[in-house]
Amino acid sequence: VFQAVFNVLIPDHAADAFSPPRLGAQSPWDALLERLLGGLARWDSEHFLFIAEQGYLLEHNCAFLPLFPLSLRLLAALLPWPLQLQPRSRLLLSAALLNALLSALAAAALLGLGRAVLQNRRQAFLAALLFSISPAGVFMAAAYSESAFACLAFSAMWQLEKGQGCLSGLLFSLAAGARANGLVNAGFFLYSRARRFAHQLQGGSAPLRKLPSLWKQVLSLASSAALMCAGIFLPFALFQYYAYVRFCSPGTGLARSIPEPLLQLARDKGYRVAGTGGAEPPWCSQRFPVVYSYIQDTYWNVGFLRYFELRQIPNFLLALPVTLLGSWAAWTYISTNPRHCLTLGLERNKSEEKGKARDGFCGPAAFVYVVHSTALLVFGFCCMHVQVLTRFLGSSSPILYWFPAHLLQEHEPLLWSTGTDNPKSGKPLVGQSPSSCGKGTSDNPVVRLLLNWRLLTPLSKSILGFFLGYWLLGLMLHCNFFPWT
């Protein structure tokens with residue numbers, strides 16, 4: 001609703017973005033759908049919708065992995081269509097419906113993951129609610145792959161925490177087919193196996209300490225880890241091979257089946273078209289031809305410290321809140337658990353042995369997630385277009401939601417009270433009825449905080465202001481082709 005209203009009230013910015021021509025005559029229903037959902041088809045959404053409709057015709061489309069556009073094409077083919085709509089309109093409506101479902105499933109998966117890792121149901125619930133007003137919210141709704149990736153990645157992490165290694169590996173593999181940073185998730189599987197093996201060694205198991213048994217365990221660990229990592233990397237590798245066959249093979253006459261407006265767009269913009277022959281792309285002659293890294297380098301100038309220019313200061317300011325939040329989370333965890341971090345979480349401490357390990361964000365189980373979040377933050381800050389850090393971390397790392405939930409629970413007095421009274425004044429809180437007293441998470445703590453905004457601490461206002469402010473600004477700016485995260 002918000003994106004439709006802002007799309008009507010705010011004129012679109014004339015951005016230099018990929019905008020393929022519309023093929024075929026639009027019906028009144030197409031025009032109405034574009035008016036209602038057009039704000040969800042901006043910037044990279046145009047690439048995903050184009051790929052779902054036309055396939056990988058243009059070289060720079062290969063920066064967008066195939067799982068999400070394939071899902072759109074499948075859903076658009078399966079849904080009944082009582083109205084006469086163009087293929088693009090069907091795909092746009094499919095994207096809105098699919099991402100609405102996937103973002104809800106991602107929140108549910110984050111809730112389950114939080115309960116398994118944090119061992120604190122209230123904090124896990126609060127984090128899942130914060131995900132629902134994520135600062136990357138517009139990308140969870142638009143025709144982007146963020147919702148699909150978050151749903152698959154959080155679900156895979158949850159299944160891994162429950163000991164479901166095969167199902168977790170399958171979900172991680174699918175996530176790697178949605179976004180390239182899904183390859184990093186192989187580290188979760190490697191770490192879980194290494195941690196389990198280290199704890200077995202420290203547990204004093206007599207058979208395990210015998211050399212033959214130890215070697216068997218090591219070989220079993222190495223083989224299972226190698227197979228699982230190969231499975232996670234497989235979708236990305238297969239797509240690189242597909243791109244090589246499509247763009248590095250001699251001309252196949254494919255151009256004769258491509259509509260002339262698309263060929264004209266390619267000529268005007270200098271896009272390389274698949275199957276048309278001509279000079280071989282430079283990446284084809286590399287020892288390991290990876291089209292993804294070539295496109296990031298050539299078309300978007302992505303590389304180490306390349307974005308560190310004075311004219312990019314506004315984009316660094318856009319990324320400042322999530323950068324500070326991620327850095328603060330890492331520092332808080334390290335300063336709270338210095339020994340645990342120095343031993344990489346592989347040492348079994350006394351509290352774990354007694355079953356009384358610290359719960360919440362600072363608990364030992366969150367270590368690998370903090371490492372993952374920090375690694376993504378450093379890589380994104382140094383090597384990517386820095387403004388995308390908000391959605392990059394928002395769809396990849398639960399830390400962006402666990403740490404603010406931890407801060408709110410630790411420092412916001414309104415969340416300490418289990419009753420209906422304001423602990424500061426003794427007056428009843430707005431938005432909480434006596435019937436909800438004592439039910440824990442039966443009410444919505446985020447709504448309660450928003451309804452009592454004036455009573456919040458400055459820290460709580462800053463956290464909720466960041467989440468809701470970016471949620472709303474994203475809808476206003478992104479949906480009208482203005483630069484955003």
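Using N, Cα and C of the backbone, Cβ positions are placed for all residues, glycine too.
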For the transmembrane segment entry in TrEMBL, name the matching range from 38-59, 170-191. 170-191
Does the transmembrane segment (170-191) come close to the transmembrane segment (218-243), meaning at least 3 CB pairs under 8 Å for residues 6 or more apart? yes
If we call contact 3 or more Cβ pairs under 8 Å (sequence gap 6 or more), are the transmembrane segment (366-388) and the transmembrane segment (91-113) touching? no
I need to check the long-range neighbours of the transmembrane segment (463-482): which residues 6 or more away from its ends have a CB within less than 8 Å of a CB in the stretch? 2-3, 6-7, 10-15, 17, 38-40, 42-43, 130, 133-139, 142, 321, 325, 390, 404, 407-408, 446, 449-450, 456
